[in-house]
Amino acid sequence: MLCVNVELRERSYPIHIGMGLLSEAQVYPLKKGDKVMIVTNPTIAQYYLSSVTDTLEKIGCSVENVQLPEGEQYKTLESLDLIFTALLKANHGRDTSIIALGGGVIGDIAGYAAASYQRGVRFIQIPTTLLAQVDSSVGGKTAVNHKLGKNMIGAFYQPCAVIIDTLTLTTLPKREIHAGLAEVIKYGAILDDEFFTWLEKHITNLVALEQQYLQQCIARCCQIKADVVTRDETEKGERALLNLGHTFGHAIETHLGYGNWLHGEAVATGMMIAAILSNKLGDLSLNDVTRLEKLLIQADLPTASPDTMKAEDYLPHMMRDKKVLAGKLRLVLLKSLGQAYVATDTDKEYVLDAIRTCSKKS
């Protein structure tokens, strides 16, 4: 088992990474008599709910669960209310613990429920998708979507532990594995050129879910994110770099309708647009743009803007991005692979030109 620590003084917590951890009682920060509400969905429940429940009951916990509809389109206030209703009906108090058992959607909703219920209860992340394991389960971002924008209603709320059982990836559809690799590639692109080079060598090992490479990769991604979160928990500066491709990607998700493109797929195309824009602004070399595109293609990810979106369709969504300040668009761009920066007030004609260039690739 590997362990990465997120250092936030009294709110520090471990990220446990290994095979078969769902059944390992010692990784759960719980004790006899604790009340637990597991938030999951029907698909994940059929694979893993009994394993987690059995382990918690052996510890001596009282365990209940609530199962939410599946998919990004259900990351809503209505789903949040289902959690609150389940907690209240079962008389859960401020001493309860909420466990998110699922992917990024479940983690985001359950985390926001934990932040909100009776002004905050204990929260444990058990991410079961690659995207959630390397990204959304770490760092304390919780949210639900609004019809006008993704993740517009939420809070920063740290878990007390993240438990990553890499065996859960064996039941994921291949499309979900590929989508998760977009966030993996992002880490190399923004902050770690050596990791990017490692990915170029081992992307096929990751696609094949070879455990040795998978655990090493997940640990590296978690360490990069943990270091950034330690330095900038609430995204006042450096943490914004973790959003490479996300401003464009969120525009794609919102415009097409949540769930039509997976988050990682939209981020992959968003990274390509950001790379093309960086090149047009004179920063990123054409060779680095090509390397990024090649790696995304090897991960079976889209690198072209959707056929049904015009360049002009992006801007209204992008102007609602949380990084916009004083009405000015702020974008995460690249100077080189491994070196990202936040560009302020980029000329919109350059942005539109980059999107159009990415559209021509389809």
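Every residue gets a Cβ built from N, Cα and C, even glycine.
Here is what Swiss-Prot records for this protein:
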type    : residues                                         : note
BINDING : 70-75, 104-108, 128-129, Lys141, Lys150, 168-171 : NAD(+) binding site
BINDING : Glu183, His246, His263                           : Zn(2+) binding site
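Sequence features annotated in Swiss-Prot and their locations in the structure.
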residue: Glu70; record: NAD(+) binding site; Cβ within 10 Å: 17
residue: Gln73; record: NAD(+) binding site; Cβ within 10 Å: 14
residue: Gly104; record: NAD(+) binding site; Cβ within 10 Å: 26
residue: Gly107; record: NAD(+) binding site; Cβ within 10 Å: 30
residue: Thr129; record: NAD(+) binding site; Cβ within 10 Å: 28
residue: Thr168; record: NAD(+) binding site; Cβ within 10 Å: 25
residue: Thr171; record: NAD(+) binding site; Cβ within 10 Å: 13
residue: Glu183; record: Zn(2+) binding site; Cβ within 10 Å: 27
residue: His246; record: Zn(2+) binding site; Cβ within 10 Å: 26
residue: His263; record: Zn(2+) binding site; Cβ within 10 Å: 28
* Of the binding-site residues listed as Glu70, Gln73, Thr129, Thr171, the one whose CA lies nearest the CA of Glu183 (Zn(2+) binding site) -> Thr129
* Three-state secondary structure, Glu70 (NAD(+) binding site) (per DSSP) -> coil
* Hey, how far is Gly104 (NAD(+) binding site) from His263 (Zn(2+) binding site), Cα to Cα, in Å? -> 9
* Between His263 (Zn(2+) binding site) and Gln73 (NAD(+) binding site), what C-alpha distance do you get in Å? -> 12
* Structure fact -> Rounding to whole Å, the Cα atoms of Thr129 (NAD(+) binding site) and His246 (Zn(2+) binding site) are apart by 18
* Asked: Tell me, by DSSP, whether Glu183 (Zn(2+) binding site) is helix, strand or coil?
  -> helix
